[in-house]
């Protein structure tokens, strides 16, 4: 049962991720709210992670990096 749930989750993530690659417009990174009780300034810069086969993605989130590894291309927005 857990295997089925896991597979359904992975397939739905892949479909959503694949759909993002063909949509027009770049939505950019999402800023996160600072945790309670934090001390000092918190950086809101997007996480920079190069993914294999995805050299056009310079600053992407963890989800988009996972999508790049899965499909071998940038999933945020295709330019041109």
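Cβ coordinates are placed from backbone N, Cα and C, and glycine is handled just like the others.
What Swiss-Prot records for 1-19 is signal peptide.
Residues annotated as pyrrolidone carboxylic acid in Swiss-Prot: 20.
Mapped onto three states, the DSSP output places residue 67 (disulfide bond) in helix. Residues annotated as disulfide bond in Swiss-Prot: 54-67 (among others).
Taken from Swiss-Prot, the feature disulfide bond covers 57-74 (among others).
Taking all protein chains in view, 25 other C-beta atoms sit within 10 angstroms of the C-beta of residue 68 (disulfide bond). Residues or ranges marked as disulfide bond in Swiss-Prot: 68-75 (among others).
Cβ neighbour count for residue 67 (disulfide bond): 26 (other Cβ atoms within 10 Å of its Cβ, all protein chains included).
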